[in-house]
Amino acid sequence: MYPEGPAMAAPEEPLRRRKVAGTGREPGSPLGQGRSPTGGKARLRAGTFWLTRIVLLRALAFVYFVAFLVAFHQNKQLIGDRGLLPCKVYLKSVQRHFQGRVGWDTMSSTPTLLWLLDWSHMDSNLDALALLGLGISAVVLVTGCANMILMAALWVLYMSLVNVGQIWYSFGWESQLLETGFLGIFLCPLWTLSRLPRKTPPSRVVLWGFRWLIFRIMLGAGLIKVRGDQCWRDLTCMDFHYEVVLIVSGNLSFLNWLTIVPSVACFDDAALGFLFPSGPGGLQDQVLKMQKEEAREARPTPMFGRMVRQAANLALGILVAWLSIPVVLNLLSPKQVMNSSFNPLRIVNTYGAFGSITRERTEVILQGTASPNASAPDTVWEDYEFKCKPGDLRRRPCLISPYHYRLDWLMWFAAFQTYEHHEWVIHLAGKLLANDAEALSLLALNPFADRAPPRWVRGEHYRYKFSRPGGLHAADGKWWIRKRIGPYFPPLNLRDLKDYFRSREWPFPELE
């Protein structure tokens, strides 16, 4: 039996000192800044989302910036005073539907700031909305911080454009950006502009809102395929649908980039820390300090501001849950509808993509001639070229994502149907007959530049397909092979369109 006393403890002291020396610090001294007890670099712990919020805000601001850039460059030509589908005419039709009043019913059916502005200079209004959105989104993108005021402004500005954009803004990514942007409002503090607002940690309700969004996007996209085209079940759709990396080559506007944004909410600071500098004073270091402080602190004392914010987050969760009911019912329905909104604010929407796959690509080619006789066999027709859509057989397919040419996109859809379903095509033809500079700015080539306008314009329907690598057409420098299907619309001259324009309240083009 060994006696207990100081003699038994003495050998342990040198051993303890040797262990401490192995860490490179004196006994009793605190851990080095940013270092773990084992002497390695301290790591961010899982479960906090300070850096996640910065990544989310910057990603969302990037998409907003692209969307407002497209709007600034193209809205005047598409929905401006002399646009292909003037939004002033559209708003007047909404106003007539409500017996000419501009009251709550009118504004709630089509929410837009344009109700409050002077319509005599609609081009200026559209530019102002787009430029303001560009400025705010640029600030958030560069700084990585925002508050609820800035994010709400972005949401209201873009909603104001979407709700008067008509067919040009009728695609799923517009509603998806508005839903994502609405959640982004509640991700931020009310007033504070700081990347790490200590008193306003990211709301778990909002983070789960983003996760619910990406879940619905993916599930909806999958279900619409299973319930849609037989080729998805036969595993043959990819023969037509997927030829190269879709996010790069699909030219699907900012859709794929936007879909990445809510998925960021699935990753915490520990997962995303590598995106930020790790040096002293850097964002990683600051978050690490905040995590340590949070671990040492007792339960935070309830404050009025914190309680208000918790109540707002709870209300947001209830609102999203309530608005999700028709969305979930749609997902469960065998008659699932994709890319639809169930409320004018587009807070919770239904999504899906490529439920059916086209096996061939058809294109409408617009042509003009200076000949006085459009039906003469020797009439020379010259092609107009768009900025991105197929036309010239020798032009390489363009890669522009996340930017978007709205006219080119709608010309592709117009080729699926007749011009009677897309009256704006005739409006475009009339503008080409007048060499309208605004409309021509949406095109890549005007064969009548620096010449008199064409006397006649027609639309021809063609079937396009890629030339085979190594084949005769490819060896001749042709990316495409095309075969004429027939006329899309007959030859038109400007005089014959006067009544057509007047009946639709479109400004009659003036010869340039």
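Quick reminder: no glycine exception, Cβ is built from N, Cα and C everywhere.
Per TrEMBL, the features are as follows:
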COMPBIAS  1-12  compositional bias 'Low complexity'
DOMAIN    169-243  domain 'Lipase maturation factor 1/2 N-terminal'
DOMAIN    347-490  domain 'Lipase maturation factor 1/2 C-terminal'
REGION    1-40  region 'Disordered'
TRANSMEM  50-72  transmembrane segment
TRANSMEM  129-157  transmembrane segment
TRANSMEM  177-193  transmembrane segment
TRANSMEM  205-224  transmembrane segment
TRANSMEM  244-267  transmembrane segment
TRANSMEM  311-332  transmembrane segment
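Ranked by Cβ pairs under 8 Å to the transmembrane segment (311-332), the stretches 50-72, 129-157, 205-224, 244-267 are led by 205-224. Secondary structure of the domain 'Lipase maturation factor 1/2 N-terminal' (169-243) per DSSP (helix as H, G, I; strand as E, B; remaining residues coil): 47 helix, 0 strand, 28 coil. If you take every residue in the domain 'Lipase maturation factor 1/2 N-terminal' (169-243) and average the pLDDT, you get 91. Among the listed stretches 50-72, 177-193, 205-224, 244-267, the one sharing the most Cβ pairs under 8 Å with the transmembrane segment (129-157) is 50-72. Residues 53, 56-57, 60, 63-64, 67, 143, 145-152, 154-155, 158-159, 162, 199-200, 202-203, 205-206, 209-210, 213, 254, 258, 261-262, 309, 312-313, 316, 345-349 of the same chain sit 6 or more residues outside the transmembrane segment (177-193) yet have a Cβ under 8 Å from a Cβ within it. Residues 49, 52, 55-56, 59-60, 62-63, 66-67, 70, 171-173, 176-177, 180, 183, 207-208, 210-211, 213-214, 217, 353, 388, 397-404, 409 of the same chain lie 6 or more positions beyond the ends of the transmembrane segment (244-267) yet place their CB under 8 Å from a CB of it.
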